[in-house]
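Copied over from Swiss-Prot:
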type: BINDING; residues: Gly169, Asp170, Arg171, Gln172, Thr173, Gly174, Lys175, Thr176; note: ATP binding site
type: SITE; residues: Ser371; note: site 'Required for activity'
Amino acid sequence: MDIRAAEISAILKDQIKNFGQEAEVTEVGQVLSVGDGIARVYGLDNVQAGEMVEFENGTRGMALNLETDNVGIVIFGADREIKEGQTVKRTRSIVDTPVGKGLLGRVVDALGNPIDGKGPIVATERKRVDVKAPGIIPRKSVHEPMATGLKSIDALIPIGRGQRELIIGDRQTGKTAIALDTILNQKPLNVEGAPEGQKLYCVYVAIGQKRSTVAQFVKVLEEQGALEYSIVVAATASDPAPMQYIAPFTGCTMGEYFRDNGMHAVIIYDDLSKQAVAYRQMSLLLRRPPGREAYPGDVFYLHSRLLERAAKLNDDEGNGSLTALPVIETQANDVSAYIPTNVISITDGQIFLETDLFFQGIRPAVNVGLSVSRVGSSAQTKAMKKVAGKIKGELAQYREMAAFAQFGSDLDASTQRLLNRGSRLTELLKQPQFSPLKMEEQVVVIYAGVNGYLDPLPVAKVRAFEDGLLSLLRGKNVEILNAIRDSRDLSDDTAGKLKAVVEAYAKTFA
């Protein structure tokens, strides 16, 4: 075989010329100690607060405590594989998550990774999870209704797009049921081809719940056809505390994508008590000083910076909105505990759910007297304002009278009338789960209640009366419902027609 020296030297020269000196410089630190989901790391002198770091085995973590001689890192995953002396490298990126419409219909973990087995997520953008809330100038006052489909809420405690309304109550009082019904009620708005200004996308963040509970929730959404316009972010009870802490921020960032692009979204945090507990655990393990109930001093800021991101933006910013429905679980109806008082003071109103009402069969178990919406009737349609104004006053009087009526047996006629009306209105506000009503249907039902058409009926017949009236209006008299829906008002002409229909129906019903 003939070896040509010139040819070999030419090849060698070519190889040397194209030899890439690609040395990657990464800043690394060393694990000093690890345990309870917290790693102390020496080095990483230039790491940023909130920066994502990577351990040798690929597990991610987030730098939270920047001290003089070490960095406290919370670990997003199991800490079993991480050993003392291993290296940790910076990623130079603050914790972020994929955003966009590609997430709709998916179930993701607290870092935005899919956990539903439907393949990778199609997302073009990534956003930081912890960003500053919009200032005062880009905002606009809340004025559009965000219908939940529940009579007791839409009539008495109306929620507007861009509002923050707290759902608070003991365990097993139906807090998640209200959230679920609210998501299901958006189905008619999210039909194919509907204008973006009408649609309302839903983000549900499950924090510290059982996996079976989250799976059940997703199953209901799927069965009812609501998953296609929803995103579920799940940090279950078996996930480490840092995941439960970051999940609400991840969900909020996904919701903000819609808000900032002129669309509308609602986000449900279920529940923030568990996020506060996870944050307390992390803070204590990082040796931050404890405060009231052993929560850290900045637990108020934790929730306020999250909930301030829900906003209604003005026309220059695209008119989008993000509505927040945080859930808080109380212990034995104690709303004066630390976390409940904090969140009550941050939000624009609260829906109180009570165990006693729940067991009396009043479901949704809303205590109408203690619940408020600080946005109020500016978030209601004109039609609803006209009929719901009366019901508030009548129920307030009923509650006052009912307390006194327990003492005396001989009541005058007007008091008796008031008690009768109140008990029927209370019955009218009951509603089974998964059966949200459209705004126009709620208006006609409440109209019948406040105008005395239920007074002659026994309380047990109220539900049957309501169902019959609605099926009559959906069938023969659908033009009345359409008129209320299209004008969003109850004009004198429509009210006259409605009165005639209800009167005729009431006569036949007896």
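From the backbone N, Cα and C atoms, a Cβ is placed for every residue, glycine too.
Sequence features annotated in Swiss-Prot and their locations in the structure.
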{"residue": "Gly169", "record": "ATP binding site", "Cβ contacts under 8 Å, 6 or more apart": "Lys175, Glu329, Thr330, Asn333, Phe352, Leu353, Glu354, Thr355, Ala365"}
{"residue": "Asp170", "record": "ATP binding site", "Cβ contacts under 8 Å, 6 or more apart": "Glu329, Thr330, Gln331, Ala332, Asn333, Leu353, Glu354, Thr355"}
{"residue": "Arg171", "record": "ATP binding site", "Cβ contacts under 8 Å, 6 or more apart": "Glu329"}
{"residue": "Gln172", "record": "ATP binding site", "Cβ contacts under 8 Å, 6 or more apart": "Thr355, Phe358"}
{"residue": "Thr173", "record": "ATP binding site", "Cβ contacts under 8 Å, 6 or more apart": "Leu353, Glu354, Thr355, Phe358, Ala365"}
{"residue": "Gly174", "record": "ATP binding site", "Cβ contacts under 8 Å, 6 or more apart": "Leu353, Phe358, Arg363, Pro364, Ala365"}
{"residue": "Thr176", "record": "ATP binding site", "Cβ contacts under 8 Å, 6 or more apart": "Phe217, Asp270, Val327"}
{"residue": "Ser371", "record": "site 'Required for activity'", "Cβ contacts under 8 Å, 6 or more apart": "Leu156, Ile157, Gly349, Gln350, Ile351, Phe352"}
Apart from the site residues Gly169, Asp170, Arg171, Gln172, Thr173, Gly174, Lys175, Thr176, the 8 Å Cβ neighbourhood of the ATP centroid comprises Glu329, Leu353, Thr355, Phe358, Ala365
Reading the DSSP string in three states, the entry for Thr173 (ATP binding site) is coil
Taking the Cβ of Lys175 (ATP binding site) as the centre, count every other Cβ atom within 10 Å, in any protein chain shown. 24
Going by DSSP, is Ser371 (site 'Required for activity') part of a helix, a strand, or coil? coil
